[in-house]
């Protein structure tokens with residue numbers, strides 16, 4: 001049952017959607033006539049922005065609806081398998097910049113998390129925020145204990161009820177869409193909302209972001225290509241994150257990078273190497289690598305170092321996903337479309353009864369024109385996009401982990417080519433993928449497997465004679481038990497056979513006595529019946545053994 005507050009919010013959402021003419025998204029279909037009639041008969045609201053494109057109207061509507069919808073639009077901008085370019089491009093322009101809330105209020109919430117006055121632990125706290133977004137706000141300070149510059153990231157007050165209310169309405173809408181439009185079920189709208197809810201709630205937990213940052217920092221410890229700021233978990237909590245303050249050039253500021261003498265070619269190639277290292281070596285990748293979260297160090301511009309912030313959203317791939325992904329990319333660039341089709345079936349991404357020949361032909365038809373371009377002009381992200389779009393026609397369900405990966409790959413690829421338009425992603429990535437595959441399935445993989453098990457066998461080897469003796473002894477005892485069970489079983493079978501024999505003789509004698517008695521023979525029937533009863537008793541006794 002919808003509550004009054006939910007109804008009020010739902011009315012606001014519908015009002016904004018109609019004011020921006022978003023009912024134009026509804027297809028011409030008998031099932032959509034009612035929603036279109038509602039605009040005219042119930043709300044009397046006209047499209048107030050007919051001069052703007054549909055994509056721009058969608059972006060403006062989401063901005064007006066607030067932070068939950070802005071972030072949802074940002075996530076949807078990466079789903080180019082669902083939206084055409086003119087929609088996805090507009091969604092990508094959504095900026096997660098909102099009016100800052102009062103610095104004194106931010107300080108109060110920080111002190112609640114810290115358990116005391118902020119001056120106890122920090123000096124030079126600046127009440128003017130360094131940055132403000134829909135989920136959190138950032139202020140600068142220095143640590144009292146050592147004078148290190150830090151930033152304090154605090155969750156916006158009262159943001160959770162707003163998020164929960166809007167997510168609940170999103171679920172209602174997703175269920176309606178799935179019910180009204182059966183063809184939308186393959187897109188799994190309810191699961192898309194569920195994935196978004198998880199992502200959003202993860203971002204509300206500052207300790208989760210701290211843990212992700214610590215993991216990524218450890219993975220690239222002493223790396224010359226990627227730096228992750230230090231987290232100060234002693235001062236952090238669910239609502240507050242304290243981290244090292246960094247100085248760098250925002251990656252989208254091309255002019256500043258050039259002015260600093262940055263080696264743009266190496267910087268772009270490092271971006272690709274960092275991404276594939278995270279995915280294939282670590283199985284743990286930063287999945288929110290938009291320009292606002294990525295900086296470049298001022299130091300050593302000839303060997304530039306990336307700086308990664310905001311690890312609230314990360315992705316992981318299991319061993320099978322990594323292998324199928326690597327094999328797919330290698331098969332693509334060798335134009336082995338049969339292999340691509342077989343990999344999709346083997347992985348379970350498409351149904352097992354898929355016609356391989358038809359699937360191969362569909363992939364070839366879509367992807368062969370792509371490879372007519374020079375390799376340096378081919379987009380990895382768009383190759384995956386075309387593949388997923390084709391596979392959807394063969395009932396491939398959305399794979400959330402692959403969507404997150406595709407989004408990140410598009411970010412990395414876009415950044416790399418923005419920095420250095422001649423970036424050849426294939427030349428950079430191919431050696432990495434081939435080396436990784438050889439280590440997974442080649443002779444080196446066998447050596448690595450033996451090496452990984454060596455400590456275990458080294459520990460167990462001294463115990464081997466004792467384990468062998470115990471095994472033989474237990475085997476002997478087991479054989480004795482089996483022999484005894486077999487003897488008991490055979491004895492039981494013999495007893496049951498003897499019992500059936502006695503019952504048969506007894507029954508025969510009783511029947512004979514009955515026949516004789518009916519013929520007025522008196523002595524013999526009595527003796528026959530007595531013998532029959534005796535045989536029955538013998539049979540009953542045999543059954544009990």
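Each residue, glycine too, has its Cβ placed from N, Cα and C.
Copied over from Swiss-Prot, here are the features:
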- 288: active site, proton acceptor (ACT_SITE)
- 130, 131, 132, 133, 134, 135, 136, 137, 138, 153: ATP binding site (BINDING)
- 124-502: domain 'Protein kinase' (DOMAIN)
- 498-517: transmembrane segment (TRANSMEM)
- 521-540: transmembrane segment (TRANSMEM)
Which of the listed binding-site residues (132, 134) has the least company, meaning the fewest other Cβ atoms within 10 Å of its Cβ?
132
Which site among 136, 138 has the most other CB atoms no more than 10 Å from its CB, taking these as binding-site residues?
136
Reduced DSSP assignment, residue 138 (ATP binding site):
strand
Non-site residues, in chain order, whose CB comes within 8 A of the mean position of the CB atoms of 130, 131, 132, 133, 134, 135, 136, 137, 138, 153 at ATP:
100, 129, 154, 156
Can you tell me whether DSSP puts the residue listed as 'active site, proton acceptor' in helix, strand or coil?
coil
What Cα-Cα separation, expressed in whole Å, is found between residue 136 (ATP binding site) and the residue listed as 'active site, proton acceptor'?
16
Express the distance between the Cα positions of residue 134 (ATP binding site) and the residue listed as 'active site, proton acceptor' as a whole number of Å.
15
Which one is it: of the recorded positions 130, 288, which Cβ has the fewest other Cβ atoms within 10 Å in this structure?
130
What is the interatomic distance between the Cα atoms of residue 138 (ATP binding site) and residue 288 (active site, proton acceptor), given in whole Å?
18
How many Å lie between the Cα of residue 130 (ATP binding site) and the Cα of residue 288 (active site, proton acceptor)?
20
Residue 132 (ATP binding site) to residue 288 (active site, proton acceptor): how many Å between their Cα atoms?
17
